Amino acid sequence: MAEGAAEAPAESGGGGASGAGAPERGVAPIKPQYLTTKEQFHEFLEAKGQEKPSQEIEAGDRSGNDLAEPEAKRIRLEDGQPGEAAEPGEWPQVQKRARGQNKGRPHMKPTHYDKNRLCPSLVQESAAKCFFGDRCRFLHDVGLYLETKPSDLGPRCVLFETFGRCPYGVTCRFAGAHLGPEGQNLVQEERVQAPLVRNGLDKALQQQLRKRKVRFERAEQALRQLSKGHVPGPSPEAAVPEVSGAKGAPLQDSGDAQQALPEPGAGALASSSVRTCGPLTDEDVVRLRPCEKRRVCGRGFLLRALVCGNLPFRRICKRFGADVTCGEMAVCTNLLQGQTSEWALLRRHPCEDVFGVQLEGAFPDTMTKCAELLNRTIEVDFVDINVGCPIDLVYKKGGGCALMNRAAKFQQIVRGMNQVLDVPLTVKIRTGVQERVNLAHRLLPELRDWGAALVTLHGRSREQRYTKLADWEYIAQCVTAASPMPLFGNGDILSYEDANRAMQTGVAGVMVARGALLKPWLFTEIKEQRHWDISSSERLAILQDFTHYGLEHWGSDTQGVEKTRRFLLEWLSFLCRYVPVGLLERLPQRINERPPYYVGRDYLETLMASQRAADWIRISEMLLGPVPPDFVFLPKHKANAYK
């Protein structure tokens, strides 16, 4: 396997630094005895990792660049882009380093998972035969499958030890822990329990969504009022939706009729011919006022932002003291189409006592209908509208930050969703779209009047991204504009000192984003008001727990293991920027300070500081076993490609 490409370039002036002289701007101040050069850093890792020092540094690579280039960068050089030889009489072109988002990485599902795949009817040990019969494209010979199956990655299966039964059977990469002498899947009856994760997508409901046979009565009523210029409100003529049959089943009177969303607590009806409307309630006649809806949280709560906010990572944050968690951003149109991958973003673990989902959309009809759908089908404590997403794919379609400049549509979305939801509606915004044109202070009073229960303000504009620090002085001004509506602040929180300064601005709480990715134990530091000099073994134990949670969430077969590995590698690309407390000359580390090359207090601490994808692969192999021979890791940053 070829080793990874050059390290990720420091966005704020980082790089190799020596111990002499004043500390370089944008570089973390590390004690001189730990500082080293790039060549010595990688030689140390190679000597300790392979038990023989790497003495070879070719003459053409004295600058310290890695020998292997990312594939996208090699293709760019071969095509004659910057880096090729200059023509006679022309100035030589300076070779550009690969930086920025790796937009050229493939976004399709790998196809090698479907090769020699065992039929699900055999994996689940179903008594019925395969529905497709001879037309099934999967294997039905367990012996042939075992001949081509890779060897187990370890002697213990997390799913078997946790739930008493592994649903992946012989396809599990840890199958030796729960396969009997004749290849049967063993079960520990005393440990068997129902799945803990909630908010799954019902198959019947998914079928109705795909066929567009679900009625959205509340949403349509609110949209009609909005189209006439009226503020949505309760109507005495509002009809109680009729639900016949089990939850998600089609109506009995017509196969083509649309199905109304079930009311809360509406279950399967008795096997009688009498049609009923379910329990008698007045919630369609007397709607809850915003002040009557339960609050999201009290003052001082910590809300974790949505960067790599998958369920296993949220469990890590909850363990260290995060008060409120929120799912990853889900696109409302994909949810309305019943896409399984999008509904997976809404799953909730029992440890998440205060949990919300975040929606993205550009139009009032889809957002209002999606809000009604989620209000009736999943368990959440609040619904958040993402008006802070800066990426072009969302912005150019009118969603995300673009809604800040579309006040009419923004108002209809907030009013419509607030009308159909029984839980609080929150909004996440930025200071504005353009760097020097702030919009938040004008939008906050309007959001309060439209019915938003809480707003989170990221102290940067869309154009600014992460080029400058968050503007907490402007956030303090917005607190007054938003009052009495609670306002959460977000931006550059990496220590309890940063959180204390943020709370002094008058915000009701702080949202932690990149800081949680760099050090998820930040929540413990904030609550205990101390710096935690966490050891490398403790950090490895956190990664081990993440892999266990990932196997529970994504599965223990080959596809689930590799998905867990890829999320782990993406997280390691952030964790390498953390500098241990005992190595710093000045506390605390600031979020815009990149670490120079340093040697830690032990080999593992040094390995975790590496910015090469090849070293992240080595850490993942400690936790999940060796990578496949054809493994390719193409992260979000171009300079970290590994193949």
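Using the three backbone atoms N, Cα and C, a Cβ is placed for every residue, glycine included.
Owing to the predicted nature of the structure, the values given are computational and were not obtained by experimental measurement.
Per TrEMBL, the listed range annotated as zinc finger is 113-143 (candidates: 113-143, 361-391, 392-422). Segment annotation: TrEMBL labels zinc finger over residues 151-181 (candidates 151-181, 306-336, 461-491, 554-584). Residue counts for the zinc finger (151-181) under DSSP (helix as H, G, I; strand as E, B; rest coil) come to 12 helix, 1 strand, 18 coil. In the predicted structure, the zinc finger (113-143) carries a mean pLDDT of 78.
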